[in-house]
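Remarks on the structure that follows.
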């Protein structure tokens, strides 16, 4: 496929050769092969691989406030293990395969100074995973503001939203019902959404979240 058909000004494209560490979930083992990715100047993929190389991947962005557990969840999806993480500056990207469904997951830094750049990742996004620290009651209102700001963006008008209420193992953490009420999830009419309680450290609840994503792919 011609770059001119993918991007109005191909001279502003960056083609990256990426060695993928992704593994197949749900059995089978093995790692995914290296691949080429077409990016813009911010190193954000501008064309899903399915369009350029005819292998369908579903783009997912993982967002949330700092210290919510986004990176830990990404690597639980990928390896089913807890990995040592540090605050994300920029993003991490991995391919997660559930049975025959391929998800290209972008874990984006959640510090206050980085949130204004979230929208540079929205193009071609099919799913938004919003990770919430269920023990952080004080900042849930901030999360709500960020959620509705995202849902109003033109590039996310067709995106489905999975809310992962992380840290359910922490004493006095909020339930999914409490979080739903504060976030006013019942008012969301134009986006399919689902809230799932989970614990990133043990992986509890995460398979159910992935299953919901896959069910949305199957329904589309």
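Residue positions begin at 1 at the first shown residue.
Even glycines carry a Cβ here, placed using N, Cα and C.
The GTP binding site annotation in TrEMBL covers 64, 65, 66, 67, 68, 69, 70, 71, 110, 166, 167, 168, 169. Taken from TrEMBL, the feature Mg(2+) binding site applies to 71, 88.
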Around residue 66 (GTP binding site), how many other CB atoms lie within 10 A of its CB?
-> 17
Most isolated by CB count within 10 A, of the binding-site residues 70, 167, is 167
Taking only the Cα atoms, work out how far residue 68 (GTP binding site) lies from residue 88 (Mg(2+) binding site), in Å, as a whole number.
-> 11
Rounded inter-Cα distance in Å - residue 71 (Mg(2+) binding site), residue 167 (GTP binding site) | 14
Among 71, 88, the most crowded of the binding-site residues [Cβ within 10 Å] | 71
What three-state secondary structure does DSSP assign to residue 70 (GTP binding site)?
-> helix
Integer Cα-Cα distance in angstrom, residue 167 (GTP binding site) to residue 88 (Mg(2+) binding site) = 19
If you measure every Cα to Cα distance among 64, 65, 66, 67, 68, 69, 70, 71, 110, 166, 167, 168, 169, the residues said to bind GTP, what is the biggest one in Å?
-> 22
DSSP says residue 88 (Mg(2+) binding site), in three-state terms, is coil
Write out the long-range same-chain contacts of residue 110 (GTP binding site), meaning residues 6 or more apart in sequence whose Cβ is under 8 Å from its Cβ.
-> 63, 64, 65, 66, 67, 68, 70, 88
